[in-house]
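Since the structure comes first, as structure tokens, the remarks are kept for the end.
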There are 2 protein chains.
Amino acid sequence: MSKDYRVAILGATGAVGTELLHLLEYRNFPIAQLKLLASPRSAGKEMTFKGEKFVVEPVKDGAFDNVDLVLASAGGSTSKEWAPKAVEAGATVIDNSSAFRMNEDVPLVVPEVNPQALELHKGIIANPNCTTILMAVAVYPLHKVKPVKRIVVATYQSASGAGARAMEEVKTQSQEILAGKEPVTEIFPYPLAFNLFPHNSPLNNFGYCEEEMKMVNETRKIFDDRALRVNATCIRVPVLRAHSEAINLEFYTPVKPDEAKDILKLAPGIKIVEDWQTNYFPMPIEASGRDEVLIGRIRQDISHQCGLDLWLCGDQIRKGAALNAVQIAELLVEKNLMQPVRAQLTT
Amino acid sequence: MSKDYRVAILGATGAVGTELLHLLEYRNFPIAQLKLLASPRSAGKEMTFKGEKFVVEPVKDGAFDNVDLVLASAGGSTSKEWAPKAVEAGATVIDNSSAFRMNEDVPLVVPEVNPQALELHKGIIANPNCTTILMAVAVYPLHKVKPVKRIVVATYQSASGAGARAMEEVKTQSQEILAGKEPVTEIFPYPLAFNLFPHNSPLNNFGYCEEEMKMVNETRKIFDDRALRVNATCIRVPVLRAHSEAINLEFYTPVKPDEAKDILKLAPGIKIVEDWQTNYFPMPIEASGRDEVLIGRIRQDISHQCGLDLWLCGDQIRKGAALNAVQIAELLVEKNLMQPVRAQLTT
């Protein structure tokens, strides 16, 4: 008989937190006790889990006492502050922020790709960046059979990646523009409605933004392949909650589209969406609310004999964040890896 | 003293036709006589040119008698039918459709790139595809100095590429979705508001859509470089009238970003838009209504030593169509190439 766990969600009121709560219920995660935590600003809000009302508590010292599992999605600085304390208090933390992802002592896990990495965890497990997760699910099954040398990816990222308020902002801006008014910007630096712009995370000296470097470095870590080369261009588009990616793969040896399709058909977490007669391929509105990464337009790159193109859409909040975290939690249960571990993190 | 020309616009009432009329006035093209032509459905509509009202006439036999220059933007089948007749009647035709672009006897011209190609025209000159024009303006100045071996491009194409009604459809669908209604689709096969999808032109046996093959074949023809390799992924996005492109260039030898930037700064038809501190780069709302192709995020591709990335936005209706056609017309005047030419087209 399976044990039940005392679970806390940190950042429960955000877009990902809300989805975490939904998925824990929907997937019937074995919960003995649930605690919803958020910043003092969001504390006091009521949320429902399996018909029962829970009041969101402010995160504070002692909040993680008697908690087995923390699902954290409250931003990097919150995670940096509270995740080590939660581990210290005996909990295992699955962290959705970028705070610990590149830490050598922290496994960075996509369950379909590198579940084995979980076994070495020291209390904190990092949930990868959303665009990275979606690409990893799509590319790894191919990479495992025919190694990928280089990825050139351009993204079409929805507003949800910047949170629930960003999604509202796009809708409000659309209304303003349709009414002939100037759109108001609060979350994003520029209007996103009927517009798009490069991802507005800080740029490094090479001109790559943080989001792009996440795709580069996290993919290498998840694939455990430091030779893999990745070039990413991340663009925010006026879509609500699913990301899309145009992925160009260069393999070491030629890979036929049919061969790739046969591999992807059998791969976990993927649904092939292709009707070449009607130009029907993955679309963000159809990926929204779905678990699978939708993949289509698998075709030979006519500019390179070892090249292959594919197009994907995936729910940014679900597989790009909350679902991946819950799948990690399920793996911890399955592998019996959620015992208290004393932190030995080099932060 | 310059001669004035008898000009006809075929497809005057469309998005591009309207812009053609505007640009002929704005740029003070030497017009002796103006004729506005459209399908019988649009005939009868009144349009204004330099304060004078013109009634749109239906295109029919004899419509091109005593016309020196035809600017055609009424779709491929209309051009196929009427362009040869116009040439037969003594006019020179600048055609915005894809009907004649790959015809060996027809120059395919971007004035900033291959103005010399005009000199061999036999009555019809083709205006390239919009995404192709924007990419050509951005890439050719680099290619001329340091040859490009391969281009991998992902596009973010606005609704305007499918015409004025498509732009209205995105706005209407946005209103419907914001009001909680199902969006109605008429022009596009799928809802475009808060969504995006691969360009819905017919797909070839390799899985490339027509729009993508235009970028491949037209770029090679404009650059007069059949060795150039191009891989394109064309995506329609919920933006109104400017296209964006994420372009990855592979040169034969390494090109530093600063070197590329210096070349592009001096190149015609380009404006560099970059503020790395504020993540300010080209955006479609800022490219709309402008002549220049906005280019930014010129950076080393960290996945390839001969790779370089750039990001561009350009007004699809203006430089992507109407402006390029008017610039061709201006070149014809300047080079005195608009004399009647008997057609010897191999159609």
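Counting starts with 1 at the first residue shown.
Every residue gets a Cβ built from N, Cα and C, even glycine.
Remember, TrEMBL labels are computer predictions, not curated facts.
Database features (TrEMBL):
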- B:6-121: domain 'Semialdehyde dehydrogenase NAD-binding' (DOMAIN)
- B:Thr13, B:Gly14, B:Ala15, B:Val16, B:Arg41, B:Ser42, B:Ser160, B:Gly161, B:Gln316: NADP(+) binding site (BINDING)
- B:Arg101: phosphate binding site (BINDING)
- B:Cys130: active site, acyl-thioester intermediate (ACT_SITE)
- B:Gln157, B:Glu210, B:Arg236: substrate binding site (BINDING)
- B:His243: active site, proton acceptor (ACT_SITE)
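Where TrEMBL records a feature, it is marked here on the structure.
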{"residue": "B:Thr13", "record": "NADP(+) binding site", "Cβ contacts under 8 Å, 6 or more apart": "B:Leu36, B:Ala38, B:Ser42, B:Lys45, B:Met47, B:Val56"}
{"residue": "B:Ala15", "record": "NADP(+) binding site", "Cβ contacts under 8 Å, 6 or more apart": "B:Ser160, B:Gly163, B:Ala164, B:Met167, B:Arg241, B:Ile317"}
{"residue": "B:Arg41", "record": "NADP(+) binding site", "Cβ contacts under 8 Å, 6 or more apart": "none"}
{"residue": "B:Arg101", "record": "phosphate binding site", "Cβ contacts under 8 Å, 6 or more apart": "B:Leu108, B:Ala126, B:Pro128, B:Asn129, B:Lys214, B:Glu218, B:Lys221"}
{"residue": "B:Cys130", "record": "active site, acyl-thioester intermediate", "Cβ contacts under 8 Å, 6 or more apart": "B:Gln157, B:Gly161, B:His243, B:Gln316, B:Gly320, B:Ala321"}
{"residue": "B:Glu210", "record": "substrate binding site", "Cβ contacts under 8 Å, 6 or more apart": "B:Ser98, B:Ser201, B:Pro202, B:Leu203, B:Asn204"}
{"residue": "B:Arg236", "record": "substrate binding site", "Cβ contacts under 8 Å, 6 or more apart": "B:Gln157, B:Ser158, B:Ala159, B:Gly161, B:Ala162, B:Phe188, B:Leu192, B:Leu196, B:Phe197, B:Pro198, B:His199, B:Asn200"}
Neighbours of B:Gln157, B:Glu210, B:Arg236 excl. site residues, C-beta within 8 Å of centre, substrate: B:Thr131, B:Thr155, B:Gly161, B:Ala162, B:Pro198, B:His199, B:Asn200, B:Ser201, B:Cys209, B:Glu211, B:Cys234, B:Ile235
Rounded mean pLDDT for the residues that make up the domain 'Semialdehyde dehydrogenase NAD-binding' (B:6-121): 96
Extent of the substrate binding site in Å [max Cα distance among B:Gln157, B:Glu210, B:Arg236]: 14
Lowest local Cβ density among B:Gln157, B:Ser160, B:Gln316, which the record lists as binding-site residues, within 10 Å: B:Gln157
Composition by DSSP (helix, strand, coil) of residues within the domain 'Semialdehyde dehydrogenase NAD-binding' (B:6-121): 31 helix, 32 strand, 53 coil
Cβ atoms near B:His243 (active site, proton acceptor) (within 10 Å, other residues, all chains): 30
Maximal Cα-Cα distance (Å) across residues annotated as binding NADP(+), namely B:Thr13, B:Gly14, B:Ala15, B:Val16, B:Arg41, B:Ser42, B:Ser160, B:Gly161, B:Gln316: 25
Secondary structure of B:Gln316 (NADP(+) binding site) (DSSP, helix/strand/coil): coil
